[in-house]
């Protein structure tokens, strides 16, 4: 098959929906209950978990290598500069899910951290009002995690469409998949430092990025003055920051994409029709999002000798 040429080692992997039906039949309900409890404690659980899943899958595949803690002499993935802004609530969600699964004697050490992260991601999306979907399972946990492996693997807030497309293509994802997954920015927050250049020193000619809505830019300048604490949190979606919806695309049409990498999706004529379509049609967006996140969940999956089931998500067995 074509996929086996393009993505060696992934074509043979068959994730499936009822993977644990013999070993831990109730696993999805167990994880969902733990995730729901965590979500009710703090909304940040949703964006933090979605982002954790994405950052995990784009570096060495969906294998929970992002969960590993650094040890003396070796710096793990999570301590790469691109991952330092991952919120602790995402990690905590996976750990809570793992604890809940392992509390059931028949399920103990039978379910991978990678699968728990995939289930938790599906659950937080639904809890935040996004689409429900069946999650594919059968991933093993990866056997390595290094900060060096993260270099150049994650999208940056200043990326243009070509840079976004090539990064996603490297993971077997199309432009349409990329635009759908970008809509995860409909929930959660960022920090002033990630977009300061767009509101303070965009270019020699203009301090503010002309692609930004002027009123929105003024608001952002108010919340993020020049010498502000860079850790101040700003909602990614200024209109419905706590709802997983297609308002993200409506915002882009108004020049209210927080990152250049968001706004470019409306600015570039190759991606603009898709943004317009999904801004108007939430059902079409939801279908595309489910297809994209399902495909994301298949990236670089480990099986056989390439992985195992970790007893502790943050440490190798």
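A Cβ is built for glycine as well, from the same backbone N, Cα and C atoms used for every other residue.
Nobody curates TrEMBL annotations by hand; they come from automatic prediction.
The following features are taken from TrEMBL:
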| type | residues | note |
| --- | --- | --- |
| DOMAIN | 14-317 | domain 'Plant heme peroxidase family profile' |
| DISULFID | 24-107 | disulfide bond |
| SITE | 51 | site 'Transition state stabilizer' |
| ACT_SITE | 55 | active site, proton acceptor |
| BINDING | 56, 59, 61, 63, 65, 77 | Ca(2+) 1 binding site |
| DISULFID | 57-62 | disulfide bond |
| DISULFID | 113-313 | disulfide bond |
| BINDING | 155 | substrate binding site |
| BINDING | 185 | heme b binding site |
| BINDING | 186, 237, 240, 245 | Ca(2+) 2 binding site |
| DISULFID | 192-224 | disulfide bond |
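Here the features listed in TrEMBL are placed on the structure.
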residue: 55; record: active site, proton acceptor; CB count, 10 Å: 22
residue: 57; record: disulfide bond; CB count, 10 Å: 28
residue: 59; record: Ca(2+) 1 binding site; CB count, 10 Å: 28
residue: 62; record: disulfide bond; CB count, 10 Å: 28
residue: 65; record: Ca(2+) 1 binding site; CB count, 10 Å: 29
residue: 185; record: heme b binding site; CB count, 10 Å: 23
residue: 186; record: Ca(2+) 2 binding site; CB count, 10 Å: 27
residue: 192; record: disulfide bond; CB count, 10 Å: 20
residue: 240; record: Ca(2+) 2 binding site; CB count, 10 Å: 17
residue: 245; record: Ca(2+) 2 binding site; CB count, 10 Å: 20
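In terms of local Cβ density within 10 Å, 56 ranks first among the binding-site residues 56, 77. Using a 10 Å Cα-Cα cut-off around residue 65 (Ca(2+) 1 binding site), the recorded positions 57, 113, 186, 313 reduce to 57, 113, 313. The subset of recorded positions (51, 57, 113, 186) lying with their Cα within 10 Å of the Cα of residue 63 (Ca(2+) 1 binding site) consists of 57, 113, given in sequence order.
Considering only the binding-site residues 63, 237, the Cβ with the fewest other Cβ atoms within 10 Å is that of 237. The least crowded of the disulfide-bonded residues 107, 113, 224, 313, judged by other CB atoms within 10 A of its own CB, is 107. Using a 10 Å Cβ-Cβ cutoff, residue 51 (site 'Transition state stabilizer') registers 20 neighbours. Annotation for the binding-site residues 61, 155: lowest Cβ count within 10 Å of the residue's own Cβ, 155.
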